[in-house]
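Pasting in a structure now, in structure tokens, and then I'll have a few things to ask.
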Amino acid sequence: MRADPPAPTPLEHRLAPSSTPSTPGGRALKTYGTAATAAAVLAVALTVALHHPHADAPATDGKPAPPQPEVRVGTHSQEPHPQEPRSPGRTAPVDPDAPVTVTLRGQGHLTDVTLKDDAGHRVAGHLDPSARVWRSTHVLRAATHYVAEVRTDPQPHNAPHRTEFTTSRARSGLLTVTLGPSGGDTRSTPEGARTYGVGQIVTAHLSHPVPPESRALLESHLSVTATPAAAPGAWHWLNPTTLHYRPRTYWPARADIRVTADDLAGLRLTEHLRVAPVVPLRFSTGPRVEAVIDASAHRMSVLRDGTTLRVIPVTTGKEGYRTRAGIKVVLDKQAVLRMRSTTIGIPSDTDEAYDLPVRHAIRLTRSGEYLHAAPWAASSFGRRDVSHGCVGMSDRDAAWLFLVLGEGDITRTVHTRGQEMTPFSNGVGDWNMPWRAWVNGSALNGSSAVRPAEEHLRPSAS
């Protein structure tokens, strides 16, 4: 005769075989559980006696039947957690900050432990050398339903033991991640995605600073894909609240680009910070459009997919106001814009002052460098530099360019004595940073490290 199981301890709930009905296939049905809290410790544990097909049968050789193994799945916390509503068939919500432990009581060994949420994200764990205790090594997500499936050797029945629980809502602060770009040209694509030029940068703005030791975890869960495939890319941390992503070279033309962070919701980054659900981003690229400004030749070549569309006579920045060198991505454009010299530090009572409306203005920097119509400088187009840093051209050429260039398209200024365009402080100059330096700004150093939640969970007895 089998001995009665020990009485429940104050910090765990035991489910006896008689109170745990099963399906004909051997799968344990959902069970009702209770939770108990203590002043300093909260534990929610599920202990299930695995039913062996011959556990209750009399021994034919005069020896008692082998002991019935037990598996305990529990979480532990150092503080009590407020009682929260629970659904029938599930235990009260448990602390997501605590580890999960699976312990085999009785004969045998653990052979397989799988712990995952409803979205299929697995929780990594470690099996001790005895192959009788498994502990999670990756924190749980808040407000998430989990299912644990455990197999043992010997296995009392064909189906694994299955139990489930739900984690409580986060007690720590929530980090919001806002993906960009937003806006874009009015050229529409399927599902409402916006179209940008091949130089567009992906951005991630964070509501709270993320410390260096937590950045790799966050970064590894931000996924960027392009169809057709882009060159290898990487995130770059500008500061504790801002990341930029770019491929090694420009995006492919006419590509579909998706940025997702499905695995981030509920993830604990720091002791006091978890990640809120992230709205995914989708956008597309148009043809590769590039404007190359040769300051010394006073002309601009406009190319689409490598074919020159037009060569435009221009004037660029004169001495003291030289046009910046390097790659500048189109930020936005305005049909009519009022330009005042005071906005770039030129007093209104000097000979260099100006205040006039400008047509077909395409913005390249935050400091006010534009491509625009400059009919007042017609005699200088293709001949000399007379502007205060902008690239001026005829009204006819500017009107044409205004239709050809869009947000995210590339401009490149060469053969100028102006200063180099900075990568981040004055618009989208990210492409001016060498690739090696860019990758050095990644918490992963550009690697595609396997996320902890994706590690293989099958334990070994070694």
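Using the three backbone atoms N, Cα and C, a Cβ is placed for every residue, glycine included.
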Looking at 1-30, 151-180, 181-210, which stretch does TrEMBL describe as region 'Disordered'?
1-30
Let's see if you can do this one: DSSP helix, strand and coil counts over the domain 'L,D-TPase catalytic' (289-414), in that order.
20 helix, 57 strand, 49 coil
Return the residues near H372 (active site, proton donor/acceptor), defined as same-chain residues 6+ apart in sequence whose C-beta is under 8 angstroms from its C-beta, sorted by sequence, else 'none'.
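Long-range Cβ contacts: L337, V358, R359, H360, A361, I362, C390, V391, G392, M393, A398.
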Within 10 angstroms of the C-beta of C390 (active site, nucleophile), what count of other C-beta atoms is obtained when all protein chains are considered?
26
As a test of reading the model: what is the averaged pLDDT for the domain 'L,D-TPase catalytic' (289-414)?
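Mean pLDDT for the domain 'L,D-TPase catalytic' (289-414): 94.
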